[in-house]
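Colleague: Below: one structure in structure tokens.
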Amino acid sequence: MSGFTKRQILTLTTGVAIGGASFRAAAQDMPAHERQLYEAARREGEITWYSGQYNAETSEAVGRAFNERYPGVRCNVVRSTSQVAFQRLSQDNRANAAQCDVFSSTNSGHFTQLKREGKLMQYRPVNADGMLPAIRNMDADNFFHTSFLGLFLMTHNTRLVPEAEAPQSWTDALDGKWKDKLAVGHPGFSGAIGVWAVQMRKMYGWDYFTRLERNNPQIGRSSQDPVTTLNAGERSVGLCVPVGTTALAISRGNPLKLIYPREGVLAAISPSAIPSNAPHPNAAKLFMEFQAGKGLSETVRRTFNEPLRPDVPPPEGGRPLADVTLLTPTLEEQEKGVPEVREAWRDTFGV
Amino acid sequence: MSEAPALPQGAAQAVPRRLSGRLARFEPVTLLWIALIAILLFLVAFPLGKLLVVSFETRGTGAFTLMNYVSAYGRSRYVDALVNSLILGLVSATMAVVMAVPMAWAVSRTDMPFKGLTWAVVLGAFILPPYLSAVGWILLAGPNSGFLNLAWRWVTGAEGALVNIYSFSGMALVIALNSFPLVFIFVKSALDLVSSEMEDAANILGAGTWTAMRKVSLPLVWPAIVAGFIIVFLEAIALFGTPAIIGIPARINVVTTQLWQFFEYPVRVEVAAAYAMPLLLITAGMIVVQKLMLARKGYVSQTGKGGERRPIKLGPWRWLAFGWCAMVGLMAVIAPLFVLLQASFAKAWGRGLAWDNLTFANYYLLIFEHEMAMTSIWNTIWFSATAATIAVLLALMIAYIVNRRLVPFGEALGFLAMAPFVIPGIVMAIGFYAAYASPPFALYGTATLIILAFAARFLPIAYANSTSAIRAVHPEMEEAARILGSGRLHAIRMVTAPLVKKALLGGWLIVFIVASRELSAAIFLVGPRTRTMSVLLYDLSEAGNFEVLAAFGGLLLLVTMVFVGIGMKLVGRDFMLRRN
């Protein structure tokens, strides 16, 4: 019993010791702008990242990669769904207690709103020059920058539904034969589901969801919840699931297969930003550099997420972006639409 | 030895004689009393008062308004959530009573075999956090993939499911399986006080064992059953984790998940406060009903030290009694624990038990790679330990003052100490958020705030425990010490404290355990570095990765068990019972 406590203390102390020892070596091979920020960030000591974009495993890996690259600046990873991350941020603000240094959400509407309210810090990461041109300049005023490029589509359990019978489009899922077989996340929690609901409403009207309700989908919270549900065989078709988490599950031997719906896939091109009251502004900027640089892209591709830079190869087995139709509501549609669909969702589904 | 010299010499001479005479009789305990009132106001009264005030304020301006109540109850969906919570509380509490009362009777009054096992089950169910057992039951009773339903289909060839956890009754069952120990503890300790002579009298008059139990033993412990029922009801309506994990897929909205929605952007603390008010009225109402129900009857069964207690011989029926205990234990602890452990060592839990599915990666990830897991374990231990210490010390002092009638209006202190009992944890947390999160206190996200919230939330447990401990020590022992020249505090330290030490340790342990699994009071108060295991578990449950979640649950149980083990060594196996 006492051995457990000792080991725990040991784990903690070695962690601290390693952090202290290797920072000089790390600073050597950094470009000048990073080294400068790193120096300042080390005095702040930590950065708190509200991470709503990458899944828990990937977020933790990003935090570790950051710690390795910048010893002495500890990254506090606070992973949750995007709506919950935003809720935490609002709660912090309401209490006048700034906690968050970098905020990442799949609901881009959060950023236009925060920007308009004057709650974001202007910063352009130098490393952003090396990002894919299409996603490089998300905000002309440099209040937020792309840190996530995620595709959300459908997936099915191959043991329960043979490929030939699987739904091929978003509307196929409305067919009565999928009653009690579907799984989906919740727009009150997941940012991506909110954006997806806005897109579906734009294409088919709210009627899409009243018809979906008749098929009694199992509602989780995160957009990744259907992956778990499908792995277990609890349900057989998942709606609006992230490619990354699904591909990771497939690589572990789960019987899933991705479906690229005919109408196109939901492309979440989502940013990160520094709140204007961030307690560790230099560390926050350093983290923004890290996200725009190769560090993030190389880390996230290992768990099957799209890199943000052309100099990092795409994850194995994914379909090239050029071959896919991408659906994305505008930033304005996201900001205005997500709160609306969230309320409508609760009226339609009861939760 | 006078206590007065605390005053500086010069000042003491300057004061008139009458006042100095009064000061000579002044006891430091009076100061203590004032300090205690201040602490209780800070911990209990202020957050609740603030909640009430805020519920009438306009967001941003603070102007008086009734609109919060209109927003909170103006939509049928919000009212439905309240109704759902009430029904859920009643159903869960009824189920828990049905489970626990026969168990308590069998353990306390009969010659049922393997009573130790039953104890272990009760303790296990008490330690297992509700959200963990909810996840366990999803693995067990998901309608299509749950192991129970797979087995059912395999055996019977049926199409449908045996149990659907994603349903109202499923959710109520999981909550009952988690909270029946509270009823068990209450009823068992009450039954322990009923002497066999009462049953003998019934037997002599021709009643069999069954009738005697129904007409004599159970009615005598009616107050304990009612108290247990109310506690489970309050637990059930205050739970956040289980409704979030089971209720959302089951499409059942309850008060706690609704309160959570009011914290979505823009954070509407005012509406949340207004929404919580009727809940407070309902719980307070239940206490009144309890008082009325029990008021006009006498339940005194213990008379002095007489009264023999013999186990009732059940004959072959004792195996039925054991079967019941075993079934509850299987459902409450063994089965969910087994599937959770299986999942925690699995690459993909849906693939079940197989060598190529076995991995330590989930534990490895948490212990060596996860940024927050180890910190949150440490947070949980020291937050809970500090909160338990504060609660027990505070409760001890209040109980002492109230029981020894040292001050006028002592009852008011006792009332304040018991008040959090009727406040759902999540409401308490919102009160703390409203009162202390912002400047001038600016405690949001700090360890201090979480510790204080835990201490306040579990003060009633510590208080009930301390009261019974203090009552057991006759004042004449202290009086002997005081006659020999000891001051009040010295007498407490040298005489009373050693006598109540064991009972207090037991109380400390109970508070520690319930604090270590507390989610609803923590979820609005934590900051990035002050997340507890329960909050991190909740975050993990959002990530859809049950394997890592289960492994983290395993670690949480390990930590709790270490403390329970130490506690049992120090206090004895039945530390949970010492409160009565």
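Glycine is no exception: its Cβ is also placed from the backbone N, Cα and C atoms.
Just so you know, TrEMBL annotations are computer predictions that nobody has curated.
Since the structure is predicted, the reported quantities are computational estimates derived from the model, not experimental observations.
Sharing the features that TrEMBL gives for it:
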| type | residues | note |
| --- | --- | --- |
| DOMAIN | B:82-290 | domain 'ABC transmembrane type-1' |
| DOMAIN | B:377-567 | domain 'ABC transmembrane type-1' |
| TRANSMEM | B:26-46 | transmembrane segment |
| TRANSMEM | B:86-107 | transmembrane segment |
| TRANSMEM | B:119-141 | transmembrane segment |
| TRANSMEM | B:161-187 | transmembrane segment |
| TRANSMEM | B:220-252 | transmembrane segment |
| TRANSMEM | B:272-289 | transmembrane segment |
| TRANSMEM | B:319-341 | transmembrane segment |
| TRANSMEM | B:381-402 | transmembrane segment |
| TRANSMEM | B:414-435 | transmembrane segment |
| TRANSMEM | B:441-459 | transmembrane segment |
| TRANSMEM | B:503-528 | transmembrane segment |
| TRANSMEM | B:548-571 | transmembrane segment |
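I'd like to know what surrounds each of these features in this structure.
Modeller: Counting same-chain residues at least six beyond the ends of the transmembrane segment (B:86-107), those with a Cβ under 8 angstroms from any Cβ of the stretch are 115, 118-119, 122, 168-169, 171-173, 175-177, 179-184, 187-188, 191, 213, 217-218, 225, 228-230, 232-237, 254, 282, 318, 321-322, 324-325, 328, 332.
Outside the transmembrane segment (B:119-141), and at least 6 residues removed from its termini, the chain residues within Cβ reach (under 8 Å) are 103, 107, 147-149, 161-165, 170, 173-175, 177-182, 184-185, 239, 241-242, 244-246, 325, 328-329, 332-337, 339-340, 343, 349, 513, 517, 519, 534, 537-538, 541, 546, 549-550, 553, 556-557, 560-561, 564, 573-574, 576.
Sequence-distant contacts of the transmembrane segment (B:220-252) (same chain, six or more residues past either end, CB-CB distance under 8 Å): 84-86, 88-90, 92-94, 96-97, 100-101, 129-131, 134-135, 137-138, 165-168, 170-172, 174-176, 178-180, 182-187, 189-191, 194, 198, 260, 279, 283, 286-287, 290, 293-294, 297, 299, 301, 421-422, 424-427, 519-520, 523, 534, 537-538, 541.
Long-range contacts of the transmembrane segment (B:381-402) within the same chain, counting only residues at least 6 positions beyond its ends with a Cβ under 8 Å from a Cβ of the stretch, are 29, 32-33, 36, 39-40, 410-411, 413-414, 417, 447, 450-452, 454-455, 458-459, 461-463, 465-467, 469-470, 492, 496, 500, 504, 507-509, 511-513, 515-516, 530, 532, 559.
Counting only same-chain residues 6+ beyond the ends of the transmembrane segment (B:414-435), those with a CB under 8 A from a CB of the stretch are 40-41, 44-48, 50-51, 54, 234, 237-238, 240, 255-256, 259, 269, 272-273, 276, 279-280, 283-284, 286-287, 394-395, 398-399, 402, 441, 444, 449, 452-453, 456-460, 463-464, 467, 518, 520-525.
Within the chain, the transmembrane segment (B:503-528) has long-range Cβ neighbours (under 8 A, six or more residues past its boundaries) at 126-127, 129-131, 238-241, 256, 263, 380-381, 383-385, 387-389, 391-392, 395-396, 424-426, 428-430, 432-433, 437, 444-446, 449-450, 453-454, 457-458, 461-462, 465-466, 468-469, 472, 534-535, 537-538, 556, 559-560, 563-564, 567, 570-571, 575-576, 578-579.
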Colleague: When you scan the chain for residues with a C-beta under 8 Å from the transmembrane segment (B:272-289), skipping those not six or more beyond its ends, what do you find?
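Modeller: Contacts of the transmembrane segment (B:272-289) (Cβ under 8 Å, skipping residues fewer than 6 from its ends): 51-52, 54-56, 68-69, 71-73, 78, 82, 85-86, 230, 233-234, 237, 255, 258-259, 262-263, 422-424, 427, 430-431, 434.
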Colleague: Which bits of the chain, at least 6 residues beyond where the transmembrane segment (B:161-187) starts or stops, bring a Cβ under 8 A of a Cβ in it?
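Modeller: Sequence-remote neighbours of the transmembrane segment (B:161-187) are 84, 87-88, 91-93, 95-97, 99-101, 103-105, 108, 122-123, 125-126, 128, 130, 133-134, 137-138, 140-144, 146, 148-149, 152, 221, 224-225, 227-229, 231-232, 235-236, 239, 242-243, 246-247, 249-250, 252, 328, 331-332, 576-577, 579-580.
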